[in-house]
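Straight from Swiss-Prot, the features:
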REGION    1-323  region 'Kae1'
BINDING   106, 110, 127, 284  Fe cation binding site
BINDING   127, 128, 129, 130, 131, 159, 172, 176, 256  L-threonylcarbamoyladenylate binding site
DOMAIN    333-535  domain 'Protein kinase'
BINDING   339, 340, 341, 342, 343, 344, 345, 346, 347, 360  ATP binding site
ACT_SITE  451  active site, proton acceptor
């Protein structure tokens with residue numbers, strides 16, 4: 001079977017032809033380069049209308065049009081005008097050639113072409129582009145989003161900064177080139193919230209640094225170091241949460257060599273495999289659309305023309321994945337001398353004055369600039385110790401601190417002989433209620449955890465909260481709303497089958513202790529509506 005795929009979600013027009021055994025017969029793209037900086041959606045759509053006929057003609061010179069068995073197109077997510085042109089061209093081809101048509105999810109297409117062109121089987125995927133920033137993993141018949149941007153995509157961040165300093169579009173390659181000449185680490189915000197990330201503050205600070213007269217090379221270096229360190233960290237956090245044995249990098253920004261270096265170093269530290277597709281398959285392309293179309297069609301997915309309406313807000317986790325029958329992927333292995341290895345720290349069991357204790361050491365991250373890494377590890381070690389002591393004043397169970405060594409970024413704390421809430425919450429929904437109570441008490445006292453997942457609660461005879469490395473004091477309702485969103489998304493991605501029950505019980509516990517819950521939940525809806533893609 002042979003499929004022709006059409007890609008046109010943003011500024012690239014792509015046509016690809018792929019066989020059912022994965023042979024790419026044709027794959028070519030033409031990028032829209034705006035006369036002025038920035039992409040105009042209408043002009044991008046005009047670009048697709050102009051270039052699709054050229055590419056299709058060229059494709060049919062390589063593969064006879066009568067050999068095509070299926071037409072696939074990017075149904076979303078993306079720019080509405082671009083998607084409409086792409087869908088119209090696909091429908092026209094389908095009707096003209098009298099071949100079936102299928103619309104596919106652009107984000108998932110990146111993952112599947114990555115798996116086709118590498119040895120990855122069941123990877124945790126970091127998808128980074130001008131329009132998307134997501135950490136994705138396959139769990140129970142869907143690709144679940146474990147982390148994503150809370151505002152703009154990383155590629156958009158780079159492009160906006162490039163426009164601000166009058167670099168050509170797309171700005172990423174020019175920033176990468178200038179960054180190689182940078183030496184000074186300019187102080188910029190580092191915004192990680194659980195497995196989520198935000199770039200708006202980073203972008204604004206970089207612009208201000210430019211206005212203040214900092215060398216452009218130093219700003220480009222610092223912008224990359226901060227942005228890519230944040231991306232690598234949330235990938236590592238998702239890796240520790242899912243225990244996948246592989247990481248794959250896809251999307252247009254995957255072409256950046258510094259980002260590749262960082263992720264490779266992180267994967268070596270976690271003893272997992274790292275994959276990146278060939279560069280021609282990293283950015284948007286028609287072959288990835290054709291390949292996903294084949295996977296879906298071969299496994300019984302058909303579409304009528306009425307079903308081919310575009311979906312600009314097409315979330316990755318909206319797609320029922322029927323083409324993955326069995327998972328054979330590797331699992332992350334924790335070294336034998338450790339009882340745990342998180343995204344930030346190695347955890348060893350020990351004894352101290354006849355007490356069972358653990359030593360939590362925030363180890364050096366080889367992927368980060370040494371100056372940035374030193375600051376992050378030291379500040380988070382101090383913060384965690386401070387908040388673990390503080391929350392006891394609110395009646396919240398937490399480990400006892402025996403010693404804090406800031407020079408070596410170590411904390412000695414009491415050992416809790418229990419199980420992670422992640423492993424028992426589905427069979428004991430009272431744990432969800434207790435988590436809600438704990439979070440309600442935190443918010444009542446203006447403490448934001450910033451990394452609420454079911455991996456950061458331990459259930460023994462009581463429920464203990466851990467890992468305040470990202471914690472902060474804030475009386476802002478939006479910070480509390482985002483705290484809940486982080487937890488909600490963690491539950492949705494990890495405990496999807498019991499999500500409704502867990503979330504309902506969590507809210508019952510939260511409401512029972514925090515009288516401002518209505519305000520926070522309403523604001524939570526508002527923040528969620530601002531997300532990049534919502535159903």
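Even glycines carry a Cβ here, placed using N, Cα and C.
The two recorded residues, residue 451 (active site, proton acceptor) and residue 106 (Fe cation binding site), have Cα atoms 29 Å apart.
Taking the mean position of the Cβ atoms of 106, 110, 127, 284 as the Fe cation site, the remaining residues of that chain whose Cβ falls within 8 Å of it are 9, 107, 109, 129, 132, 250, 251, 288. Taken together, the residues of the region 'Kae1' (1-323) have an average pLDDT of 96. Cβ atoms within 8 Å of the centroid of the Cβ atoms of 339, 340, 341, 342, 343, 344, 345, 346, 347, 360 (the ATP site) belong to the same-chain residues 240, 338, 361, site residues excluded. Distance from the CA of residue 339 (ATP binding site) to the CA of residue 106 (Fe cation binding site) is 39 Å. For the binding-site residues listed here (106, 110, 341), the lowest count of other CB atoms within 10 A around the CB belongs to 341. Comparing residue 129 (L-threonylcarbamoyladenylate binding site) with residue 284 (Fe cation binding site), their Cα atoms are 9 Å apart once rounded.
Mapped onto three states, the DSSP output places residue 347 (ATP binding site) in strand. Here residue 131 (L-threonylcarbamoyladenylate binding site) is compared against the binding-site residues 339, 341, 343, 345, and the shortest C-alpha distance is to 343. Comparing the Cα of residue 256 (L-threonylcarbamoyladenylate binding site) with the Cα of every entry in 110, 345, 347, these being the binding-site residues, the smallest distance points to 110. Under the DSSP three-state reduction, residue 284 (Fe cation binding site) is assigned to coil, being neither helix nor strand.
Closest by Cα distance to residue 172 (L-threonylcarbamoyladenylate binding site), from the binding-site residues 339, 341, 347, is 341.
Take the Cα of residue 110 (Fe cation binding site) and measure to each of the binding-site residues 339, 341, 347: the nearest one is 341. Candidate binding-site residues: 339, 343, 345, 347. Nearest to residue 127 (Fe cation binding site) by Cα distance: 343.
Taking only the Cα positions, the spacing between residue 347 (ATP binding site) and residue 284 (Fe cation binding site) is 41 angstrom.
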